[in-house]
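Written out below as structure tokens is the structure these notes cover.
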Amino acid sequence: MMFFAAPTSIPIPTQTHLTIHTAHQLFPSKIQKRTLKFTIRCSSTSLQEKIQEKSSVNELTGKGDLLKSKKGDLLDFLPPIKVAKRVVLVRHGQSSWNAEGRIQGSSDFSVLTQKGEAQAETSRQMLIDDSFDVCFSSPLIRSKRTAEIIWNVRNEEMITDADLREIDLYSFQGLLKHEGKAKYGSAYRQWQVDAPNFNIDGHYPVRELWERARSCWTRILTHDSRSILVVAHNAVNQALVATAIGLGTEYFRVLLQSNCGVSVLDFTPKPEGGSPNIFLNRLNQTPNSPIAAGSSGGRKTGMRIILVCHGISQNDPEDNFPHSGDGPLNMLGVIQAQKTAELLLDLKLKTIVSSTKIASAETANTICRVQEAADCLGADCVPRYVETKQIQDLDVGQILKKSKKDAVGSRPLQPGWLNGYESEIATSLWGQSAKAWRYLLDELSKGSEQENVMVAVGHPALHIAMLGHCLNLTEEWMGTFHLDAGSISVVDFPDGQTGRGIVRCINYTAHLGRWSIPITRSTSDDEEF
């Protein structure tokens, strides 16, 4: 077994081929026995060398990679690309140490539980019709096993990259969480509340992780492929998402990665060359429901905001993104609204707010009717009233209609569609979304401190901008995010509505079933992602 308690000084060949059998005695496979060929890689520059290069800066600031004033400042490390690429990130399934509440870090002593194997199988089914050219995997058993299950009978290359291992937590590794708290006291507390500045055994694990994630992107994006699967871990997948879109270490534990959660990033070349355009297509699409009760980043939470994008309306062709939502829902939009209402049945909603546009109001009313009917299936039931409110601050249709460009009428799968609007339209949208986000936070504060869920139905452009406000970003980040019609995004507030929002998922569409947007597309030269 490999154990990554600390970066090793043992030289590893840059590239080695070996054969691994999936029928290993520790991991009985439910699929047919076969032989998989892996390529093992390590970075050409050691992690210690990279840390030494950064040490003088970190000593001066006392901080890791903070968010710069300009978005591009943290994206220059990405290599230029010649064709569009899509990268699908998957976290491994539940491991034995996950179940025990033990701190794993980059240790390699835990294996997938029965639940973890089932989660990986669900992910395989979710991705079974999707096209991939290559799979990158962490070398740790729990991740590599998940990759084997998902890859199944595919014959394309699998590459094991040592830098995709989980965060190095040194002396913490192997301890139960209560043992870590008892043994390390203030250090464990800092790991919980100030992870970017957490220091153990002379290391800053989160800062090191961000450096490692950047080196991974160089190898992933320079690989001769267009559709790439990456199977790794919670913290490293967070770092991959954050570094790709230009966010620093202060965003650790803000963009959740659940067991077998799927996140998708699109990269498109710039005509002038240089680092590519980056778009977060979706975040943490999980095998289980994203609105089920539970913890958020390890902390219990009962306060959340669920952003529901209205379905396609009759005024919007089905192959175009919805513009204003002025018309009633078409048949597909009705299905999308009904599927969303069914997903939200796990919650007992009290209030649903929406914009005044017809498509949003109809989606909200569908959710309301299903909520009220769910409590009235028995003979002695008492109908439950769910309030719906139409809020002017949630309307952005009039702003978008002022655009003189036709470029915004793009296909739903095209990344960066919001960048098609003029700068003055984007500025107006950003200002309106600030009012809308403040309204939702104010409404959230009116509920119980223990539990309050706000559901807001509106235009995808509004929800993208509100996610930007939630993450404390600036207007220029709006084009980085993508939402599809009928999708939901979930933000948790474990510290109450005045605390930081933790993003549980963005652009979740699995509830739409056969009407959902596929995660990958054909990568033939004549097609866009």
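Note: Cβ is positioned from N, Cα and C throughout, glycine not excepted.
Heads up, TrEMBL stuff is auto-annotated, nobody curated it.
Note that the structure is predicted; figures quoted are calculated from it, not measured.
Feature annotations, reproduced from TrEMBL:
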- His92: active site, tele-phosphohistidine intermediate (ACT_SITE)
- Glu166: active site, proton donor/acceptor (ACT_SITE)
- Arg91, His92, Gly93, Gln94, Ser95, Ser96, Trp97, Asn98, Arg142, Lys177: substrate binding site (BINDING)
Cβ neighbours of Trp97 (substrate binding site) where a neighbour is any other Cβ within 10 Å: 20
Protein Cβ atoms within 10 Å of Arg142 (substrate binding site), excluding its own: 29
Distance, Glu166 (active site, proton donor/acceptor) to Gly93 (substrate binding site) (CA atoms, angstrom): 14
Farthest-apart CA atoms of Arg91, His92, Gly93, Gln94, Ser95, Ser96, Trp97, Asn98, Arg142, Lys177, residues recorded for substrate, distance in Å: 21
Long-range Cβ environment of Ser95 (substrate binding site), under 8 Å and at least 6 residues apart: Gln104, Ser110, Val111, Leu112, Thr113, Gly116, Arg142
Rounded to the nearest Å - Cα separation of His92 (active site, tele-phosphohistidine intermediate) and Glu166 (active site, proton donor/acceptor): 11
Of Arg91, His92, Gly93, Glu166 (the recorded positions), the residue whose Cβ has the fewest other Cβ atoms within 10 Å: Glu166
